[in-house]
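Participant: After the structure tokens below, expect a handful of questions from me.
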Amino acid sequence: MSSSSWLGCLLAVLLSALALSQGLPLLEDLDENSFPDGRIVGGYVTDIAQVPYQITLRYKAISSPENPFRHRCGGSIVNETTILTAAHCVIGTVASQFKVVAGTNFQTGTDGVITNVKRVIMHEGYNSGAAYNNDIAVLFVDPPLPLNNFTIKAIKLATEPPLDGAPSKISGWGSTYPGGYSSNQLLAVDVPIVGNDLCDLDYENFIDETYHITSAMLCAGKRGVGGADACQGDSGGPLVVRDELHGVVSWGNSCALPNYPGVYANVAFLRPWIDAVRAGL
């Protein structure tokens, strides 16, 4: 191989490594046996009764059938048979690789209600036009979840975008710091909505032009301050404003950085697709 070819290959590897280290979806890929004390970044311990729409989506690889199902992503209960999560949580998988656990404060263990995923429908426009664009998927489960309005409850889907600056709540079992261990106990954090125009400016020089904010996304975070955010393991989970599901945890530059708000799938914008899938269209 010529020196110029070798240098070209090296540059490609370095650029790939840079991309993988920054614009990652907030997907869990950690050792589930290690849970240090701490919080979701900048957040607090919560109880499932405060966020009864929250589920843990557990997964195992087809190549390792002997392994237990383990937390991969979060999700939200739409009704007793329907869960909303992120497309990047389910891409390249089949339904039998997942179980949904509702009504639990913990990402491990057998408490709560466990049900099977029977069908996975990922947005056909995922990653089209921008990285992580249309990052949403619908899961159908069976047997149906026993909704009880206390620890297992459906959440209303937004039909209008939230106001800039509106307070929102994110919950999940994600890392308590970038690249750190996930939390075994359910955590939550409160962050304001950031307008898409400002958020797009923040990500203007991030990696390359494929990383930009589209209408199918919304942003939230303490802009210019940081310190509060979703993180790895929170993917697919809920962002809630005034008791309505407005966002699905999607991606960002690391976690809780002051100049990079977290990015979420925009439920109100994607609502026609969600409704069509639920109607079987």
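Quick reminder: no glycine exception, Cβ is built from N, Cα and C everywhere.
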Participant: If you have Swiss-Prot open, could you say which of C219, C231 makes the disulfide with C255?
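Facilitator: Partner cysteine, according to Swiss-Prot: C231.
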Participant: Could you identify, going by Swiss-Prot, the member of C9, C89 that forms a disulphide bond with C73?
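Facilitator: The record-listed partner cysteine is C89.
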Participant: Determine the mean pLDDT over the domain 'Peptidase S1' (40-279), rounding to the nearest whole number.
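Facilitator: The average pLDDT of the model in the domain 'Peptidase S1' (40-279) works out to 96.
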Participant: Report the same-chain neighbours of C219 (disulfide bond): residues 6+ apart in sequence with Cβ closer than 8 Å to its Cβ, ordered by sequence.
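Facilitator: Sequence-distant Cβ neighbours: I193, V194, G195, N196, L198, C199, D202, I213, P261, G262, V263, Y264.
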Participant: Which recorded positions from the set C73, D229, C255 come within 10 angstroms of S235 (active site, charge relay system), judged by C-alpha positions?
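Facilitator: For S235 (active site, charge relay system), the recorded positions whose Cα atoms are within 10 Å come to C73.
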